[in-house]
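What TrEMBL lists as compositional bias 'Low complexity' is 80-93, 101-120. Summarising the annotation, TrEMBL assigns domain 'Peptidase M50' to 308-467. According to TrEMBL, the region 'Disordered' annotation covers 58-121. The annotation transmembrane segment is assigned in TrEMBL to 245-267, 296-317, 337-357, 369-388, 408-425, 432-451, 471-501, 522-540.
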Amino acid sequence: MAAAAAALASSPLVHLTAAARLRLPKPRASASCSRWGCPRGAYLDWRPLRRCDRMRRFSVDEGGGGGEADGEKRSEEEPAAAAVEAKAGAVEEVASERSRSGSFSSSSSPSSATPGVSSEPSLLSFSVDSIDTVKLLELLGPEKVDPDDVKAIKEKFFGYTTFWLTREEPFGDLGEGVLFVGNLRGNKEEIFAKLQRQLRELTGDKYNLFMVEEPNSEEDDPRGGPRVSFGLLRREVSEPGPTTLWQYVISMLLFLLTVFSCIELGIASKISSLPPDIVSYFTDPNATGPPPDMQLLLPFVESALPVAYGVLAIQLFHEVGHFLAAYAKDVKLSIPFFIPNFTLGTFGSITQFKSILPDRKTMYDISMAGPLAGAALSFSMFSVGLWLSSNPAATSDLVQVPSNLFQGSLLLGLLSRAILGYSALHAATVLIHPLVIAGWCGLTTTAFNMLPVGCLDGGRALQGAFGKSALFGFGLTTYSLLGLGVLGGPLSLPWGLYVLLCQRTPEKPCLDDVSDVGTWRRSALIVSVFLVVLILIPVWDELAEDLGVGLVNTF
């Protein structure tokens, strides 16, 4: 807190020192002071100083004084009322000019004093030692709504025919907005559209109005659905900021790392074909002698590129699905931040909304478009790869992998068993086409991103379909299953940490955060979550032995 106060003291807007203080004549208290209960003289009634409204509450001396070098007493510093009235015009002109220039002079020397100001008693006395820390946090925090606008909205918008207001509550992450709680008097979509139109006519683009579920409501609305309230936030506070240059740089670096991790995945799939001297040199800690010729790795790197291309193509297709759906809904998205993973090639990507969403249908459609596109391409690669794996003509393109890898997914393992047959999967190793690896990794990554938790695609889709309150219960269940290793097997821990570090926060509410998305959207989400569970549940040894998925070693 002291560091924040020191930073404020050195700002060019207001220069604060213990010895030199700003001294302005004491005006008459405005009507707003008595209305809001502030001390007399704490608010300026000068229009040129309206931009400094957020700083008016700092260290206000009702009578000024206390900072003169000669120690004059307050009673000797009081000017006559007539002198203040006569020089009010000059003070307004000087204050307006200094407000436009963005700085105030704090010099107390006679040579630098402004005519008509230095001879008057001080109204505002700023000091680092006397700064109110609560007010400092208000200054540094987000812009709050104007009380005059709140009063006008209550008087002109709400009533018997629209929304009967009963109380007000703080709204927003830091309470910077106002939540109007009351009783709805008609169709919520029609009333919300009417209130939005009236708000634009009254304040222009200054605010955003949200229709949200009433917090801590014990009953539903008599007309159906949850009880609703209306939240008011400033536009610059509620809307996402633009993408910065550093975000572009970070996105590019993460993409390059993801390309490297995908190539490493392809090389790992060809590990059985590497020369023995290279494998022993990198795996045996007791290996001695000169390092092998690294030129021998070039053919294996080239053979690993199809797998890398496949995994990258799936993830890029996933992002294309998001952007096409967002373009159709006139919603802006940030650039994707790819997250590398050396087991699957990538964790997926983090894509942020750069526009405020109009309703929950928009959130659902954009969130589901990416996983559906990625899953469609992944399943196509996986199916074609299995067909090529069973085709004798494609034997030269096959790679050898351990058969117990097919135990990592119940659904994908059963599909592989159905196409490749019992004898192929019940051996120590299996020959498969590289498309099977790319499709398997793509489907697994898509399934993880469809988990109903946080800000993942599945979490956003669930929030859009069932509301933010339902996301809490599903998220807690998902975290528990990941922690116990029920979902994802050995990949559950890194994925759980990834979600906790990067994707745990739910998406911000839409403007219309109440309207229903429809039955078919909810049904599609339920089916998708069921398929996700089947993909991420591993095949345990007893079932794998019965189904012939992988070779189970018994001792």
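Numbers here mean position along the shown chain, with the first residue as 1.
Glycine residues also receive a Cβ, built from the backbone N, Cα and C atoms like all the rest.
Tertiary proximity for the transmembrane segment (432-451) is limited to same-chain residues at least six positions away from its ends with a CB under 8 Å from its CB atoms, namely 265-266, 269, 306-307, 309-311, 313-315, 318, 341, 344-348, 370-371, 374-375, 377-386, 388-389, 394, 397-399, 401, 408-409, 412, 416, 420, 457-459, 461, 478, 487-488, 491, 495, 499, 528-529, 531-532, 535-536.
Per-stretch counts of Cβ pairs under 8 Å to the transmembrane segment (296-317) identify 245-267 as the leading one among 245-267, 337-357, 369-388, 522-540. Looking only at the domain 'Peptidase M50' (308-467), the predicted model's pLDDT averages out at 90. Among the listed stretches 337-357, 408-425, 471-501, 522-540, the one sharing the most Cβ pairs under 8 Å with the transmembrane segment (245-267) is 337-357.
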